[in-house]
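> Provided herewith is a single structure, encoded as structure tokens, for subsequent inquiry.
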Amino acid sequence: MSEKLYPVLPEAKKNTLIDNETYLEWYEESVSDPDGFWAKHGRRIDWFKPFTKVKNTDFNGDVTIKWYEDGVTNVSYNCIDRHLKSRGDKVAIIWEGDNPYIDKKITYRELYENVCRMANVLKKHGVKKGDRVTIYLPMIPEAAYAMLACARIGAVHSVVFAGFSPEALAGRIVDCESTFVITADEGVRGGKPVALKENTDTAIDIAAKQYVMVNKVLVVRRTGGKVSWGRGRDLWYHQEVASVEPHCEPEPMNAEDPLFILYTSGSTGKPKGVLHTTGGYLVYASMTHQYVFDYHDGEIYWCTADVGWVTGHSYIVYGPLANGATTLMFEGVPNFPDQGRFWEVVDKHHVNIFYTAPTALRALMGAGDEFVTRSSRSTLRLLGSVGEPINPEAWEWYYNVVGDQKCPIVDTWWQTENGGILITPLPGATDLKPGSATRPFFGVKPVLVDNEGNVQEGVADGNLCISDSWPGQMRTVYGDHKRFIETYFSTYKGMYFSGDGCRRDEDGYYWITGRVDDVLNISGHRLGTAEIESALVSHHSVSEAAVVGYPHPIKGQGIYCYVTLMTGADAQDPDELRKELVQHVRKEIGPIATPDKIQFAPGLPKTRSGKIMRRILRKIAEDESGALGDTSTLADPGVVDDLIENRQNKK
């Protein structure tokens, strides 16, 4: 843990929206009078019918979470229409293509027309309020248009990251019974095409076998690559939008009407459809965007995430646009054409606020400072980090080399389930400690509990829970409220359990220590070990598999797989079989789930009741076999010796 303290920079303090005094005052009000506080801040968005009820939440029993429940509004209206009068000609989205010579600026007025046209196309093909629309698009402006068009007509979008495989896409189509898909002919990433339409066709075939029929596929022409065509089903986006009006009335939505479903990995099998609703989500996303990034009108803001992840939803699209900001969307990758790309984009578009993930920073740090220092970065004012805890070395590099010691770093902790940032510094209010997410945002009440559920006071380590609701919180797991309660509210009664471990220091600062359940954090993206295990076991040579994380210098965590083979399968060349299994997992889930290490084992360490002792597997994967603890409960302690002997990452 870093003991270094970086006081608030004078420059950051000078123009800040929130200084320390204001933070302490607002925070106190937000936790002592949540109704009064959130009533006031709920008015930051426009309501067609104002709310009279603010907070109606209960973390016990059947768990109900409702905010502003009698208010009526529309997210698309708040992100576009209400800005037209005062800033219609202001740039809403700067799009930077994969190719550094291609970019596009879209004003709020152009955004309005594009979104209205797409909304009218959806309506023309029978999409109604409450219908689920699957969006499987690269980082192109049409991805934002599609999300906002769904919000405009009251359809519920489910964005699937364009790096996911056809199998993963199919699972998400089936779970929410989506009959309309929006995709592109191909994506472009690092100069290479990504076969999105082909993947979509495969996914639709898989979904059909599970009796979910996709009726229409709207295809954006991105590359002009050759694609197969389903007559009567497939529609070209450019042809469809040309035939409809550029105006579409926003559907009046109740604050608790669903806005989107976003699938996230859990510690058990299939991904969970996290459901966010309309009013509270937008209040929270826009408020955190404004105050965490200390956003001032006219600034250029860039979050490098993909819209396939929650960070892209809240901090590329909804938060910034609700605030009338200029938000940058980047199609490419940090190392194409070379490792200086991020900083060239910063210079090219005069970026003031930059928000990225530690995994990208670690990779760029390894490439050397000259890729950074050849750019000026003189417009940068604030840096942010998201996705996983940032190690102090990467933090220092980010602060000293990228930010030239003049940009505060907001190290933000939050999750898909949270809708927006929960623990974070505020640039004009919070002294910084490298590696610490520091203090809770307004209305957020973090609690550390031990494994028995006892609340820990003062300096402590524990499981991170939140003891009361905030407006951006997810409402349920789509179609499975029981799973929602079991996952988040059954471990510690009356509290939301994050699944993360955490330490609180003597200044009341929070330090996230990583997952405490069977979920991996790979490059800032969550993957369930059960998901990867079931992909491995679906291969004909594999009898059993156990997956754990281990420290990885770039990705934060790497994927370590222990595999027991079917009888006879061990006759295969182990290196060939490893390659085959890696490809198999990539096909089942996507490149994000590529195993880093595969260890073949005659057996796995199990208790007499048949439970795999993951703690032991984790220690071996971390090359800490001296710290295995008690192995006396194992059915066959001899298995452990073989695992240690053949471990894949001996130091």
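Placed from the backbone N, Cα and C atoms, the Cβ positions cover glycine too.
Swiss-Prot lists these features:
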BINDING   R189, G190, G191, K192, T311, N335, S523, R586  CoA binding site
BINDING   G387, E388, P389, D411, T412, W413, W414, Q415, T416, D500, R515, R526  ATP binding site
BINDING   V537, H539, V542  Mg(2+) binding site
MOD_RES   K611  N6-acetyllysine
> Please identify, among the binding-site residues G387, P389, H539, V542, the one with the smallest Cα-Cα distance to N335 (CoA binding site).
G387
> Cβ within 8 angstroms of the Cβ centroid of V537, H539, V542: which residues besides those meet this for the Mg(2+) site?
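Once V537, H539, V542 are set aside, the remaining close residues are A535, L536, S538, H540, S541, S543, A545, V563, L581, H584.
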> What's the most sparsely packed of the binding-site residues T311, N335, T412, T416, S523, counting other C-beta atoms within 10 A?
N335
> If I restrict to non-local contacts, at least six residues apart, and a C-beta distance under 8 angstroms, what lies near K192 (CoA binding site) in its own chain?
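Listed in sequence order, there are none.
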> Please name which of the binding-site residues listed here, P389, T412, T416, H539, is nearest in space to S523 (CoA binding site), Cα against Cα.
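In terms of Cα distance, S523 (CoA binding site) lies closest to P389.
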> Using a 10 Å radius around its CB, how many other CB atoms surround G191 (CoA binding site)?
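That number is 11.
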> With G387 (ATP binding site) as the reference Cα, tell me which of the binding-site residues G190, G191, V542 is the closest one.
G190
> What's the most sparsely packed of the binding-site residues H539, R586, counting other C-beta atoms within 10 A?
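If we count Cβ atoms within 10 Å for the binding-site residues H539, R586, the smallest count is at R586.
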> Going by DSSP, give the three-state secondary structure for R189 (CoA binding site).
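DSSP call for R189 (CoA binding site): strand.
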> CA-CA, which of the binding-site residues G190, T311, W414, R515, R586 lies nearest H539 (Mg(2+) binding site)?
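Of the binding-site residues G190, T311, W414, R515, R586, R586 has its Cα closest to that of H539 (Mg(2+) binding site).
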> Quick check on the binding-site residues R189, W414, V537: which one has the highest count of other Cβ atoms within 10 Å of its Cβ?
W414
> According to DSSP, which kind of secondary structure is R586 (CoA binding site) found in, if we only use helix, strand and coil?
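Looking at the DSSP assignment, R586 (CoA binding site) belongs to a helix.
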> Going by DSSP, give the three-state secondary structure for R515 (ATP binding site).
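Looking at the DSSP assignment, R515 (ATP binding site) belongs to a strand.
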> Any idea what the Cα distance is from T311 (CoA binding site) over to V537 (Mg(2+) binding site), rounded to a whole Å?
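Counting only the Cα atoms, the answer is 31 Å.
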